[in-house]
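Residues or ranges marked as active site, proton acceptor by Swiss-Prot on the basis of sequence analysis: Tyr24. Feature annotation from Swiss-Prot assigns active site, proton donor to His102; the stated evidence is sequence analysis. As annotated by Swiss-Prot, substrate binding site applies to Asn76, His82, Asp89, Val103, Ser104, Arg113, with the evidence given as sequence analysis. The annotation site 'Transition state stabilizer' is assigned in Swiss-Prot to Arg19.
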Amino acid sequence: MAKNILLLNGPNLNLLGSREPEVYGATTLADVERAASEQVAQAGAKLTTFQSNHEGALIDRIQAAKKEGIDAIVINPGGLTHTSVSLRDALAAVAIPFVEIHVSNIHQREAFRHHSYLSGIAVGVICGLGTEGYAAAISFALKKL
């Protein structure tokens, strides 16, 4: 059976390509999703994408993933990384292995960005590779999860 991967993007990631391009680059979320779809299709797997600026919508999507038979999640939680116990609890509750990704290196930024509520339960964390980090996370999910 083909792998089924869910790519989740949190608040403000819909602004990739225009928001602080010196930090996040010029690649748009549509570009990221298109490249991810091609990468997953080449592996004979399925990709579902979802972006929301709302914590509850992301939690609802994570909970739905369990019923859909999602095998792995790649998530860029954006600013919710540093604030959302509820997002962590949702990921823990569904017990779907996930990779946390950040376009920028959160450890080189403001002190409040250094802590992640998700990394302690993630299979892996990728940060600072720009949007290329998505491809690395998806590659890992396809091969290892």
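Residue numbering: from 1, along the chain as shown.
A Cβ is built for glycine as well, from the same backbone N, Cα and C atoms used for every other residue.
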For Arg19 (site 'Transition state stabilizer'), the number of neighbouring Cβ atoms whose distance to its own Cβ is within 10 Å equals 11
What's the CA to CA span in angstrom from Arg19 (site 'Transition state stabilizer') over to Ser104 (substrate binding site)?
12
Neighbour tally for Arg113 (substrate binding site), based on other Cβ positions within 10 Å of its Cβ:
17
Simplified DSSP label at Arg113 (substrate binding site) comes out helix
Quick one: Cα separation, Arg113 (substrate binding site) versus His102 (active site, proton donor), in Å?
11
Out of Asn76, Ser104, which of these binding-site residues shows the lowest number of other CB atoms within 10 Å of its CB?
Ser104
On the three-state reduction of DSSP, what should I expect for Asn76 (substrate binding site)?
strand
According to DSSP, which of helix, strand or coil covers Val103 (substrate binding site)?
coil
Separation of alpha carbons, Asn76 (substrate binding site) and the residue listed as 'active site, proton acceptor' (Å):
13
Recorded positions considered: His82, His102; fewest surrounding Cβ atoms within 10 Å belongs to His82
For Asp89 (substrate binding site), which residues in the same chain are close in space, meaning a Cβ under 8 Å from its Cβ, but six or more apart along the sequence?
none
